[in-house]
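Contents: one structure, followed by commentary.
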Amino acid sequence: MEEHMEAGSRLGLGDHGALIDNPADIAVIAAYFLLVIGVGLWSMCRTNRGTVGGYFLAGRSMVWWPVGASLFASNIGSGHFVGLAGTGAANGLAVAGFEWNALFVVLLLGWLFAPVYLTAGVITMPQYLRKRFGGHRIRLYLSVLSLFLYIFTKISVDMFSGAVFIQQALGWNIYASVIALLGITMVYTVTGGLAALMYTDTVQTFVIIAGAFILTGYAFHEVGGYSGLFDKYMGAMTSLTVSEDPAVGNISSSCYRPRPDSYHLLRDPVTGDLPWPALLLGLTIVSGWYWCSDQVIVQRCLAGRNLTHIKAGCILCGYLKLTPMFLMVMPGMISRILYPDEVACVAPEVCKRVCGTEVGCSNIAYPRLVVKLMPNGLRGLMLAVMLAALMSSLASIFNSSSTLFTMDIYTLRPRAGEGELLLVGRLWVVFIVAVSVAWLPVVQAAQGGQLFDYIQSVSSYLAPPVSAVFVVALFVPRVNEKGAFWGLIGGLLMGLARLIPEFSFGTGSCVRPSACPAFLCRVHYLYFAIVLFFCSGLLIIIVSLCTAPIPRKHLHRLVFSLRHSKEEREDLDADELEAPASPPVQNGRPEHAVEMEEPQAPGPGLFRQCLLWFCGMNRGRAGGPAPPTQEEEAAAARRLEDINEDPRWSRVVNLNALLMMAVAMFFWGFYA
């Protein structure tokens, strides 16, 4: 271990003595990419990508295990490997609470939220709110807010995290490598649709788990096992504690010593970096937005074959969420033990030399383990793991943002046919890629040591009003559109009142604290999320009680208490849905009408046929399956909205859910 500590201490930013540049590593990486491309091509041949439902919801035919694997892979991006390991290195075990909290919230998705989404017959979350409340403004507001968060938070986190790993492990040019990754991700997102994503997610989940297990084994062996981690972590401190900057000078020991509560999940409600009331309640609110109303996650559930498969997929995802504590957080702590002068650097000029940022280098904890501990071949496997995480997360964002833009914003154009929607959805992915590349300089210039916490705080300032709207929409039938809209607006203004000052003053660091006034910025962001959630919910209910209620005939199968209702529902968006249906030649399916009117027209050439197949847009052409009739579409819709379950399998998934919660409670209690 001493050799690794010395080597780590000597390594600077420009020292790339352990790059992935040998035949074994390159062969593993190439094999991985061939596997992913092969799975994507197979799913392109196997699945229906020529309809909106097929492209965006995988035809709602996925069984439980790809649903669960895709939920996990869509959530676990490279930001988790870099961010969780980095925060674990800096502050100890508590950050694993983010993952173990999700164990319970994902069950809420399967048992409470998904049944209503299914019976509502929707593709996107703003679509659900359009049916539930009517009007356009809530749907449009949420679509724009979600796209904003996708582009400027989720993509930026993945771009930064992937860039950190590539820079540390490869020494490649950041722009060239990330643009190449974005390009490959875009290809199988544009061509394959959601089914291709979910099958490749399944493959990548196994790659992620296998590679992370291998590295964890090497890390624990190097540190002396599980007991070695807990014996040595509290003594993992940098020896370089005097800054060359006279304004900084001798740095306080509180800035470089591990926290006294590093081994505890539940920390002091006032002085803790993750106070236990905030972790249990505030995080549940933010997690509720992400797991129960965020398009990236819910879209995977809506692709399930039936409600039982959706619930089983949520359970599988929950079991997988047990692993980040041991596969990411603890390896990050081990990295601090092995390389304290790098991972735990505190002097601004030292950190600048090691990782290019002055606020700290804890984010290099996981990449440093890969570069220094893994042998040839396995090092390439771990790069493949990081690429898998990055590409999976980005592909999920690309597909889901495409769905949001196409189904919630572009459909405001009343004469948009299905072929046009499919084309626009694919072009939107290309646009997102271009924005991502343009955003790279901003990400690279960001203070990386604070990026992970920054993203969590941004979610806490913007997400609670959305969580409040979805909770009351499902469980309080009396709530109406006016209440929901003004609750969202009031919550947004309240969140911006905290977000803008924090943006302006910066988050600072232990060595150079932020100048933001205490009454604005010193309240923990998860405490703020609790206040924001209840204020938004209260405003929603007050405005709703002061205005006319929505008649019950519009609420059948749109609220939890009426999810099994058999009465016919009069959708508040019925006029919007009926408008394109007549006359069909002009609006509903213009491409089919053209084919019927011009049967004598010559078919497309060979190259055009191949291109149309590659993009999944050859449905209804010669040799392809005929478009479904209106009766077939209605029957399929009734089948997909059915939430009845086989009693035997329903009991099986319920027992598994109880077992998973018992296991989670044991771990919470053990590390509390």
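Positions of Cβ are set from backbone N, Cα and C atoms, glycine also.
Around the Cβ of Ile76 (Na(+) binding site), the number of neighbouring Cβ atoms within 10 Å comes to 28. Under the heading Na(+) binding site, Swiss-Prot lists Ala73, Ile76, Ala389, Ser392, Ser393, citing similarity to another entry as support.
According to Swiss-Prot, the feature region 'Disordered' maps to 571-601.
The topological domain 'Extracellular' annotation in Swiss-Prot covers 1-22 (among others).
Positions annotated as topological domain 'Extracellular' by Swiss-Prot, on the basis of similarity to another entry: 86-93 (among others). Helix, strand and coil content of the topological domain 'Extracellular' (86-93), in residues and according to DSSP, is 7 helix, 0 strand, 1 coil.
The topological domain 'Extracellular' feature in Swiss-Prot is assigned to 167-173 (among others).
Annotation source Swiss-Prot lists topological domain 'Extracellular' at 218-275 (among others).
The topological domain 'Extracellular' annotation in Swiss-Prot covers 332-375 (among others) and rests on similarity to another entry.
Look at Swiss-Prot and you will find 446-450 (among others) tagged as topological domain 'Extracellular', backed by similarity to another entry.
Look at Swiss-Prot and you will find 505-522 (among others) tagged as topological domain 'Extracellular'.
Annotation source Swiss-Prot lists transmembrane segment at 23-44 (among others).
Sequence annotations record features per position, and here Swiss-Prot assigns transmembrane segment to 64-85 (among others).
Within the chain, the transmembrane segment (94-114) has long-range Cβ neighbours (under 8 A, six or more residues past its boundaries) at 71, 75, 84, 87-88, 261, 264-267, 272-274, 279-280, 283-284, 287-288, 290-293, 297-298, 301-302, 304, 307, 310-311, 313-315, 317-318, 321-322, 324-325, 329, 456, 470, 474, 560, 657, 660-661, 664, 667-668, 671. Here Swiss-Prot flags 94-114 (among others) as transmembrane segment, drawing on similarity to another entry.
The transmembrane segment feature in Swiss-Prot is assigned to 137-166 (among others); the stated evidence is similarity to another entry.
Taken from Swiss-Prot, the feature transmembrane segment covers 196-217 (among others).
Annotation comment: Swiss-Prot describes 276-295 (among others) as transmembrane segment, evidence class similarity to another entry. The list of residues near the transmembrane segment (276-295) in space but at least 6 beyond its ends in sequence, with Cβ under 8 angstroms from a Cβ of it, reads 94, 97-98, 101-102, 104-106, 108-109, 112-113, 124-125, 146, 265-269, 400-401, 403-404, 456, 459-460, 463-464, 466-467, 470-471, 524-530, 533.
Annotation comment: Swiss-Prot describes 376-406 (among others) as transmembrane segment, evidence class similarity to another entry.
Annotation: stretch 376-406 has the most Cβ pairs under 8 Å to the transmembrane segment (64-85), among 376-406, 451-476, 482-504, 652-670. As a quick check, the transmembrane segment (523-546) and the transmembrane segment (482-504) clear the bar of 3 or more Cβ pairs under 8 A, pairs 6 or more apart, so the two touch. The 10 Å shell around the Cβ of Ser393 (Na(+) binding site) contains 28 further Cβ atoms across the protein chains shown. When pLDDT values are averaged over the topological domain 'Extracellular' (167-173), the model yields 69.
All protein chains shown were included, and the count of other CB atoms within 10 Å of the CB of Ala73 (Na(+) binding site) stands at 32.
Across the topological domain 'Extracellular' (332-375), DSSP helix (H, G, I), strand (E, B) and coil residues number 31 helix, 0 strand, 13 coil. Note on the topological domain 'Extracellular' (86-93): residues 233, 258-259, 261-265, 273-274, 325, 328-333, 335-336, 343-344, 360, 362-366, 449, 452-453, 671 of its chain, located 6 or more positions outside it, place their CB under 8 angstroms from a CB of the stretch.
When Cβ-Cβ distances below 8 Å are used as the criterion, the transmembrane segment (482-504) is approached by residues 129, 133, 135, 137-138, 141-142, 457-458, 461-462, 464-466, 468-469, 472-473, 514, 516-517, 520-521, 528, 532, 535-537, 539-545, 547 of the same chain, each at least six residues removed from its ends.
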